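According to TrEMBL, the protein carries these features:
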{"type": "ACT_SITE", "residues": "His179", "note": "active site, proton donor"}
{"type": "BINDING", "residues": "His179, Val180, Tyr181, Asp251", "note": "beta-D-galactose binding site"}
{"type": "ACT_SITE", "residues": "Glu313", "note": "active site, proton acceptor"}
Amino acid sequence: MEITSKSFGKVDGVDVPEYTLTNSNGVAISAMPFGATLTKIVTPDKNGKRENITLNVENLEDFIAHRPFYGATIGRVAGRITRGQFTLSGIDYQLDVNEGENLLHGGPEGFDTKLWEVRTEESDSRASLIFTFNSPAGENRFPGNLSVTVTYTLTEEDEWIIDYQAETDAPTLFNPTNHVYFNLTGDIKKTILDHQLMLNSDFYAPLGGENLPKGELDKVEGTPFDFTSFKAVKEAVLADHPQISPLSGLDHPFVLSLKNDGPEGILFDPESGREVKFFTDCNSVVIFTHNAEVDDFEIQGEPAGQYAGITLETQTLPDAVNQPGFGNIILRPGETFTSQTTYQFGVRAD
């Protein structure tokens, strides 16, 4: 196991390093402390060719200027909060909104905009980057001082493990995720439409206006949202369906069954043979298929085109604080929030 680092840029005159963890199988993950952001995942394909399988911003200036969320730690709360409003312990809160009248991905000063502290740990079988950040009370108008630790670990079993931990001194909300986009072809010019996806999910959360959850859970059976067995992503993305056509793709939460010790989902690319299995204790995963071209900056000399990537964002169902039955995202003093998501990389033989 090896840990290396190099400069990724500067923020207010402070150098921001990019760390790379590499195991003996040639799998590597890279990350930087700005936004506790995953910047690359390099894995071999079925022919042994090592390529980056994520959408990544290649310099810090673009990441700061355009805030694409690629690979970033999202918080305090992932997804949207309706009107940026919620009630907690009998107090009504109005958060700073940043997507029309709603709060998205933590607000205008979310975790992805912050420079985290970082330290490394290494053993023969694993290496870790441990990111820490203290979010002060009132940041984005959230209550409570929040102490957060996010740990990225690479193992010799080709796993990227994300551990979240948080504590607060006043009741607050916490529902983090990582916004990594996968493209298992390793080629930004190719789409993820021919990737195959399987999800351990019988229900999804339909969206209403402004991409906010309606507060309902619908069965996937008989709909394009049925990924209970492997099918090509394009079978859903290109479907003529009132939940999909207006968005030109998916941006939907899927309820995870959490019934067994196996993966909650698998993403597979037949061309490269690469696959990603994910395991989590979260009750949902948001599948977003990069439904529009992003031409504000370039990756590998190209704009990130429509369907250039797909997310597997594990989290409690979005807007849970306003949607009964979606899950609990309230964190109180004396409690410690913990959650773990693991992405395991592999290759299928022909």
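Here, residue 1 is simply the first one shown, and the rest follow in order.
Just so it is clear, glycine is given a Cβ too, placed from its N, Cα and C backbone atoms.
What you see is a predicted model, and the numbers here were worked out from it, not measured in a lab.
It is Asp251, among the recorded positions Asp251, Glu313, whose Cβ has the fewest other Cβ atoms within 10 Å in the structure shown. Same-chain residues that are not part of His179, Val180, Tyr181, Asp251 yet have a Cβ within 8 Å of the Cβ center of the beta-D-galactose site turn out to be Leu55, Phe69, Tyr70, Val286, Phe288, His290, Gly309, Ile310, Thr311, Leu312, Glu313. The 10 Å shell around the Cβ of the residue listed as 'active site, proton donor' contains 22 further Cβ atoms across the protein chains shown.
Listed in sequence order, Thr54, Leu55, Tyr70, Gly71, Phe288, His290, Ala308, Gly309, Ile310, Thr311 are the same-chain residues at least 6 apart in sequence whose CB falls under 8 Å from the CB of Tyr181 (beta-D-galactose binding site).
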